[in-house]
Amino acid sequence: MSTLTIDPTSIPPLEGKTAVVTATPLVPGGASGIGLAAAKIMLQKGATVYALDRQEPIEAVPGLKFRRCDVTSWSALREVFDEIQQVHLAFANAGICDKSPESYYDDVCDNGNLQEPDYSMIDVNLKAVLNFVKLARHSMRRHQVQGSIVITASSTGLVPEQSAPVYSSTKFAVIGLVRTLRSVLIQENITINAVAPFVTTTGMAPAEAMVPLKNLGVQTSPADFVGLALVYSAVARQTRRVEAYGKETEEDILEHGRWNGRVILTLGDKYTEVEEEFSKSRPLWTGGEVLQSIRLQQAVLDFRHGGVAIKSNRPSNQLN
């Protein structure tokens, strides 16, 4: 894995850029969330920043433009993008945790029948992210801007966390979204990346809740440390691509360009980019023959270069 050095000087001036960040509430006691931390950094660099959330910040942040928005509502998100129009930097940061870590494992019954678990996390952590990314891409293409999309994932989307199965699953999914879209959006002058925070002090995980973890030696990060990784992911450069896809060759990997398709793990005071080494290791855990078949399938279906589109003759409601 690649260790990164990121500090405020890593972020260029952002005058003339417009950013949209979801879920940026200030919480009592002076703590702030990851999204708000990213928003403050961009404001300091001269960007115009819109914060989207259900609740307005409890204290004013100079220059921050607040828009009340339920990120789980397609129409509400669409209205915001229609209003702002030209968006250069889009941060899908909204997320919620399991209300009870044991809830998925509990056998809660109603009249003797097992109750369906609360899946509101899927609406916020996955469906809202899918909608946000789609709307951001549409806006960036329509206005022909050089765009960047960054998703707040989680370390639990990289390694298993048995105490939060649904939360972890949603974070695995959004990292999968980055891997899926990175070879497509870049051709539209749009990058997509993610940041996967380990334990971070935020409104969802206040400082007092971190004390037992710190006493056990668990490393934690402040919100502004993670927020800096979000902004870096939107503006950084790279000396090679993460991987070749479809009909691309291995030589294509060596192309310099904008930071794209990458995931930064934040843990304590360290930044680690994980996707490049993960991609390099693929032959080890798939085997050469399997990987060759995967690449062949990608090449056949690579619609960027005239690939075959697979469609089913069955009605959509009959698809497995």
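Every residue gets a Cβ built from N, Cα and C, even glycine.
Annotation comment: Swiss-Prot describes Ser32, Ile34, Gln55, Asp70, Asn93, Lys134, Tyr167, Lys171, Thr202 as NADP(+) binding site. Following the DSSP three-state reduction, the secondary structure of Lys171 (active site, lowers pKa of active site Tyr) is helix. For Lys171 (active site, lowers pKa of active site Tyr), the number of other Cβ atoms no farther than 10 Å from its own Cβ, over all displayed protein chains, is 28.
Its Cβ placed at the centre, Tyr167 (NADP(+) binding site) has 22 other Cβ atoms within 10 Å. Per Swiss-Prot, the feature active site, proton acceptor maps to Tyr167; the stated evidence is sequence analysis.
Sequence annotations record features per position, and here Swiss-Prot assigns active site, lowers pKa of active site Tyr to Lys171.
Using a 10 Å Cβ-Cβ cutoff, Asn93 (NADP(+) binding site) registers 30 neighbours.
Across the structure, Gln55 (NADP(+) binding site) and Lys171 (active site, lowers pKa of active site Tyr) place their CA atoms 24 angstrom apart. If you measure from the Cα atom of Lys171 (active site, lowers pKa of active site Tyr) to that of Asn93 (NADP(+) binding site), you get 12 Å.
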